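According to TrEMBL, the feature compositional bias 'Acidic residues' maps to 1-28. As annotated by TrEMBL, region 'Disordered' applies to 1-30. Per TrEMBL, the feature transmembrane segment maps to 71-96, 108-132, 144-161, 173-194, 232-253, 273-299, 319-343, 349-371, 383-402, 408-429, 441-461, 473-492 (among others).
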Amino acid sequence: MSGDPVDNEVEIETDTGTETETETEQAAEQDLRRDIGRGVVWAAAGNIVMRVAGILVTAVVARIFSPDEFGVFAIALAVFVVVTSLAELGMASAVARSVMEPDEIAGTVSSISILVSFTLATLMAVFAGPLASLLGMPAAAGPLRVMSICLALTGLFAVPGAQLVRGFRQDRILIGTLAGFVPANVVLVVLALLGQGATAFAWSRVVGQVVTGLVFVYFLERRYRPEWRRGLVGPLMRFGLPLALANLINWTLLNADYLVLGRLLTAEQVGVYMIAFNVANWTTAVLGSVLNGVVLPAFGRVGDDRERLVESLVSATRLVALVAFPIAFCTVAMAPSLVHTVFGAQWDAAGPVLSVLAVYGACFAFTLLYVNLLVAIGATTQLLLVQVAWITALVPAMIWGIEVGGLVGAAWAHVVVVLLVSVPGYLWAMRSGLGPLPAAMGRALLRPAGAAAVAGAAAWVCDRVIDGPGMGLLTGGLVAVAVYLVAARSMIEHDLPEVGRLLRRLPGRRPRHRGAHR
């Protein structure tokens, strides 16, 4: 008899321990969901705010700068972006991922980032002249020298930015970005009015990066000084170098068009192309911060659970489609009116180019999602292979497209390569890391595409029927939004709960019982 109570007591303690473990796991899961939800809302809101603000600023400076000056800066910016991809050797992503603790690696990551970025900045400043001449745009040398300062700052602020990403602190990232945006664009407009040309763009970026970086540092709950742990250098290099090379290839292919255009066309044509490409990237601008700042850490935290990871991929695919498709369809429908109304008559040549590049913009949003997944599961080598294939196909396609169709031909080269090389390549890379992908990924695209097509058709009709590009654009945009919200309402309610709750408050909508299904 004396043994029974002991056995029962042990049994009860074991059950209690199991229950406590389960409760702890559930609490952690709820915390993760809360953090992700907060990050999604802030990242989306921040991107919308910054995109609208960026459009307004670009609309203003497009009337101050000439297409030639835009073209010169486009070449300088292309070089800067490509070189910056190596500034921290992919180390910041290691800090942003939960597998490696910041307390262990942040100091070493900071040292590597600062050392590499300062070295690259010095080289870019010294060789700015020969590099600009090589690209067919000697006037870009001055802006390149100024932007070498930005390159040095990239390594300096790499770890603080990664810490905020890791904590899903998109609210603080937004505040820092806004804090840098305001003085940067004040400097841009003032220098433009003073006749500084393309150099005005460069100095505005320096000012913005300094302010944003300092705000990031201010918001940190814990700051790490540079240090050097020799035992961490090897593992960090093995993680970061493939990712850095993939980023180098990625940013090279994103800017290969400018590098090719600089050699084959005039600065004015490059400037026109820059305006069209920037508008086409509205999709990526809206989704980019959400994908890089929220989806990457979220994928990283469920990376060991294939089933949850695949489910997250399907959901993310549908979410990207819900945002990317309507932007693309409506941009294609109203591209000429959009360019004329927002940027002025001197940029009308960008309209036909934008009509094609809008398709590329939607496709690129999906590739950005796939990149985040591959980084999260550590498939950086496969990612590098896809990027190499992409740029290998893009450069000759761009040259051929320019020879055949000028700027519009260059735009079509982007679309063809992303559909025939890039997307299939990423699907192969994901299958190699996850196994067979579910058919639900394809089905996740169909309904958003249908709703977006209807909205785009409505926008096209309004734009053609109503006189005046401004009024046609405004009416077409409002009608397209209304049509899309009606056509995609059930999808929005299912996949975007925050928006769904707002829609359910609309007049005439009876609330659904809690237990009901669609």
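Including glycine, each Cβ sits where the backbone N, Cα and C put it.
Only pairs six or more apart in sequence are counted, and the transmembrane segment (441-461) with the transmembrane segment (173-194) gives fewer than three Cβ pairs under 8 Å, not enough to call it a contact. Below 8 angstroms of C-beta separation, residues 76-77, 79-80, 83-84, 87-88, 91-92, 95, 102, 106, 109-110, 113-118, 120-122, 124-125, 128, 131-132, 173, 199, 202-203, 205-206, 209-210, 212-213, 216-217, 220, 223-224 of the same chain, each at least six residues beyond the ends of the transmembrane segment (144-161), sit close to that stretch. The transmembrane segment (108-132) and the transmembrane segment (232-253) are in contact, since at least 3 Cβ pairs between them lie under 8 Å (pairs 6 or more apart in sequence).
Highest Cβ contact count with the transmembrane segment (473-492) among the listed stretches 173-194, 232-253, 319-343, 349-371, 408-429 falls to 319-343 (criterion: pairs under 8 Å).
If you look at the transmembrane segment (319-343), the same-chain residues 6 or more away from its ends with a CB under 8 A from one of its CBs are 55, 58-59, 62-63, 275-276, 279-280, 282-283, 286-287, 291, 350-352, 354-355, 358-359, 361-362, 365-366, 369, 444-445, 448-449, 451-453, 455-457, 459-460, 463, 469-470, 472-473, 476-477, 480, 484, 488, 491-492, 495-496.
Same-chain neighbours of the transmembrane segment (349-371): 246, 250, 272-273, 275-277, 279-284, 287-288, 291-292, 295, 313, 316-317, 320, 323-325, 327-328, 331-332, 335-340, 343, 383, 407-408, 410-412, 414-415, 418-419, 422-423, 426-427, 429-430, counting only residues six or more beyond its ends whose CB sits under 8 Å from a CB of the stretch. Away from its own ends, the transmembrane segment (232-253) comes close to residues 81-82, 84-86, 88-91, 93-94, 104-105, 108-109, 112, 259, 371, 375, 378, 380-381, 383-384, 387-388, 390-391, 394 of its chain (Cβ-Cβ under 8 Å, at least six residues beyond either end).
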